[in-house]
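Asker: Once you've had a glance at the structure underneath, I'll fire off some questions.
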Amino acid sequence: MAAVGPPQQQVRMAHQQVWAALEVALRVPCLYIIDAIFNSYPDSSQSRFCIVLQIFLRLLGIFVSSIVLILSQRSLFKFYMYSSAFLLAATSVLVNYYAALHIDFYGGYNTSAFGIELLPRKGPSLWMAVIVLQLTFGIGYITLLQIHSIYSQLIILDLLVPVIGLITELPLHIRETLVFTSSLILTLNTVLVLAVKLKWFYYSTRYVYLLVRHMYRIYGLQLLMEDTWKRIRFPDILRVFWLTRVTAQATVLMYILRMANETDSFFISWDDFWDLICNLIISGCDSTLTVLGMSAVISSVAHYLGLGILAFIGSTEEDDRRLGFVAPVLFFILALQTGLSGLRPEERLIRLSRNMCLLLTAVLHFIHGMTDPVLMSLSASHVSSFRRHFPVLFVSACLFILPVLLSYVLWHHYALNTWLFAVTAFCVELCLKVIVSLTVYTLFMIDGYYNVLWEKLDDYVYYVRSTGSIIEFIFGVVMFGNGAYTMMFESGSKIRAFMMCLHAYFNIYLQAKNGWKTFMNRRTAVKKINSLPEIKGSHLQEIDDVCAICYHEFTTSARITPCNHYFHALCLRKWLYIQDTCPMCHQKVYNEDDIKDNSNVSNNNGFIAPNENPEEPIREAAAESDRELNEDDSTDCDDDVQRERNGMIQHTGTAAEELNDDTD
């Protein structure tokens, strides 16, 4: 079989995109029906039976619309084919009824502008138009229902019989009989076709039910819902629903403005334009479905914004592409938390603007999370290209300036309240994050510029990041207090209480737990290093070797492990953050008893206990090291350890970055 060329692939992809767009368009009316049902309420002044009947019809409409919404593509197209056929049949019956009983064919004339009669009396242009309509309806009916037998001709003849009665000027009661008979025959044929298709409907429903039950038993409810969400392209449906709804409302409002201003111009004043935008925004979030539609639109905007920023800063991380998911979820949670769709129009506009300010600060925080790894990677890898550094620094500068401008504008126009306090706290926290990132970036750039081992670099980075983490923790506690005040005295709700519990767990408890764990790990690593002997001064010349972690010579000091391997204290401390074994032979570097009984061991300052001869252990360690260097490396390290050592050599440039990520 010949391979499919690029033009054929493009045609096939275009064909699939067209079918996908058509499928989305066919599912959108279901959302319109559900939204209309939710926004309508039964009349309480009616009888109880009428109210119960209305509730039943509402539930039935929601159920049928939901079923049609999740149908497969083939079943969806068949449903619309049959629905269109039934609609054509009903329209044909109405046209025959109206033409036979309500149109005066004898008074129908077609005249020109000068009053000249162009067509003969009895108005043949009218019944000719009716014949064309009935032929169109009949052909469409038999085509959609796929009727290929002689019955198709009889159906078309059945639709034309009332028109023939009009042409032949039959009495009125006979024409009424012909219309009724034609309608009855068409109805019976429709019911017959529906009964024949009922078997297909039963087997299709049973197949879908068995498939759903099978997927539920194997994958669970969550994966089943995710599969349905992706299969029917629900975000695209919500976007099309919201955009078409807003477009229709904008068209109606524009027409009303033109009629009120008595003008034919499509241009309106700025005041009218602003009122139009406000009305569209208010009506665009007046129900749960419209809030979901607005969330879908925000998702699309945030997704392409995130892709643009990633391309600008040169990041390839897949986890950073989640902005299109985080932004709409946060917006929908804020809408539910504040009861956005249930507010009055004026309050809804104010609440929506406040929610958008909170969403903007959250998006800026997420963008900072995207740029920070790239910034650290560039500084730790010592990339000197200005074109590579400028985009990340530019985005970081924008992340510092935008919160400042937002806070200034809000404080200039609004009085202090809990909402303004929350937005300001988020802005200040973001500015501090940017300052911390730029400070760490500067430290790494200074380290790369001087090209000298900076033993205190890791400590400075840890101090800067720890300070930033402590400030973030304080802001988390303050925001929890602000939320508690809002819930108790302003607008308490179950959703707000639930979100406060999540905030307390993730942003306060886990952050404090991880920070304490990091502090203890560093403290333990320092104890491990202090428990090892240290060589300084002229004794370093006796070590004819380099550090096995960074491959640099020993210039100031070296630490000796119990297995007689030499390392820089800084390099070994970074290694001990991860695991407790020697990088060379995987033996334990220390024991707990060694740390507790550490009175006769040298520390980082070179102090040695007076009861110990400093020359003897150094000479023994140096002699032991020389013997090991003269032996075959295969007696000390297996192949896996050697490969690990080579891997560490290759990643020397990014050791500081990995350490910062681990301690963070």
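Heads up, the Cβ atoms here are built off N, Cα and C, so glycines get one too.
Not measured: the values here are computed from a predicted model.
Below, the features straight out of TrEMBL:
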TRANSMEM  51-72  transmembrane segment
TRANSMEM  79-99  transmembrane segment
TRANSMEM  126-147  transmembrane segment
TRANSMEM  154-172  transmembrane segment
TRANSMEM  178-196  transmembrane segment
TRANSMEM  289-313  transmembrane segment
TRANSMEM  325-343  transmembrane segment
TRANSMEM  355-371  transmembrane segment
TRANSMEM  391-411  transmembrane segment
TRANSMEM  418-446  transmembrane segment
TRANSMEM  466-489  transmembrane segment
DOMAIN    547-586  domain 'RING-type'
COMPBIAS  616-628  compositional bias 'Basic and acidic residues'
COMPBIAS  629-639  compositional bias 'Acidic residues'
Asker: How about long-range neighbours of the transmembrane segment (391-411): same chain, 6 or more residues beyond its ends, C-beta under 8 Å?
Answerer: 309, 312-314, 357, 360-361, 364, 367-368, 371, 374-375, 378, 420, 423-424, 426-428, 430-431, 434-435, 437-438
Asker: What same-chain residues lie close to the transmembrane segment (126-147): Cβ under 8 Å, and 6 or more beyond its ends?
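Answerer: Tertiary neighbours of the transmembrane segment (126-147) are 81-82, 84-85, 88-89, 91-92, 95-96, 99, 103, 105, 108, 155-156, 159-160, 163, 166-167, 193.
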Asker: Which of 51-72, 79-99, 154-172, 355-371, 418-446 shares the most C-beta pairs under 8 angstroms with the transmembrane segment (289-313)?
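Answerer: Ranked by Cβ pairs under 8 Å, first place goes to 355-371.
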Asker: State the mean pLDDT for the domain 'RING-type' (547-586).
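Answerer: The predicted confidence over the domain 'RING-type' (547-586), as a mean pLDDT, is 83.
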